[in-house]
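Engineer: Input: one structure, supplied below.
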Amino acid sequence: MFIDKAKIYVKAGDGGNGCVAFLREKYVPFGGPAGGDGGKGGDIILIADSSLQTLMDFKYKRHYKAERGQHGQGGNKKGKDGEDLILKVPIGTVVKDAETGEIIADLVKKGQSVVVAKGGKGGRGNAAFKSPTNQAPMVAEKGELGEERWIELELKLLADVGIIGFPNAGKSTLISILSKARPKIADYPFTTLTPVLGVLQLDVNDYIVLADIPGLIEGASEGLGLGHEFLRHIERTKFLIHLIDVSDFRERDPIDAFNIINKELEKYSPDLIKKPQIVVANKIDALSDKSLLDNLEKYFSERGYPFVAVSLITRENIDKLINLIRETRDKMKKEEVNESVILGNA
């Protein structure tokens, strides 16, 4: 099961207390103040780790507490600082304050880290309070309390390509063909209840990460069907594969289906509709009137959408689709490079 949300409690370590002590050495019966400071409490730090794919660990353990600083000692000995508690999260984790909703960090790079709760400072020992008017202070500070709060972790899929379409359009079958992913596949809506990641291997060191976004329906932007839970997974994809059912047994007109899904994307976020889309007409093996494909290709080509008709059952035109995915990826990479060059020269 793909867990992409978690709410956890974090409590940094308290600072150690300062010490009240006096120097007691042979031949120095009335030595001065020698109470050491308390150690600092440990921080709680989140760090992005490329080996993790889910937030599953945070489902079973929700409370985290860092070590407190040790108390100061006599002889001006400072207490030992508490150890930081480091929590590893997947790359792409967004960290929010659960109470205010404020975004604390967006961990998008390997090794990127953020302190979510700071340890308390250690209290000063009585040696720090010595003054010309008070040569033997009997006071020391208590350590500060470590920060504590509830935070929310949200993982957005770091996929290059999002596969979208109505339930049963064939998205799970497509990702299983293009990659080694093995999602649950059956002939009823909402078979895929969680996003599935797959990798399309183009060459030894060349691959494209795909995300099978669970079936969307009309009203998804208002939370109907699987709604917001999965619309937000599309946000970080670079482009989309929009699958439509063209079989004789289809439930709706392919163009209507395409436009309904796009309206839901636009309602959720106007930026989503701007993402490039490859339109894939699936189930041509179950289509008797092939002239429909010519009409569809004309319709989508006129609107600037690359179009390919496939059969995921017979694997017809799968190679064409893979080439189209590669071409779209390469074109976007080139545009990104050109844009960065222009910005660099500005």
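In case you wondered, yes, glycine gets a Cβ from its N, Cα and C as well.
Copying in the features that Swiss-Prot gives for the protein in this structure:
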type    : residues                                    : note
DOMAIN  : 1-158                                       : domain 'Obg'
DOMAIN  : 159-330                                     : domain 'OBG-type G'
BINDING : 165-172, 190-194, 212-215, 282-285, 311-313 : GTP binding site
BINDING : SER172, THR192                              : Mg(2+) binding site
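If you look at the structure here, what lies around each of the features I listed?
Structural biologist: DSSP classifies SER172 (Mg(2+) binding site) as helix under the three-state reduction.
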Engineer: If you count other C-beta atoms within 10 angstroms, which of the binding-site residues LYS171, LYS283 is the most crowded?
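Structural biologist: The largest 10 Å Cβ neighbour count belongs to LYS171.
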Engineer: Using Cα coordinates, what distance in whole Å links SER172 (Mg(2+) binding site) and PRO214 (GTP binding site)?
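Structural biologist: The separation of the Cα atoms works out to 9 Å.
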Engineer: Which of these binding-site residues has the least crowded Cβ, counting other Cβ atoms within 10 Å: ASN168, SER172, SER311?
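Structural biologist: Selected from the binding-site residues ASN168, SER172, SER311 on minimum Cβ neighbours within 10 Å: SER311.
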Engineer: Look up GLY165 (GTP binding site) in the DSSP assignment and reduce it to helix, strand or coil.
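Structural biologist: Its secondary structure by DSSP: coil.
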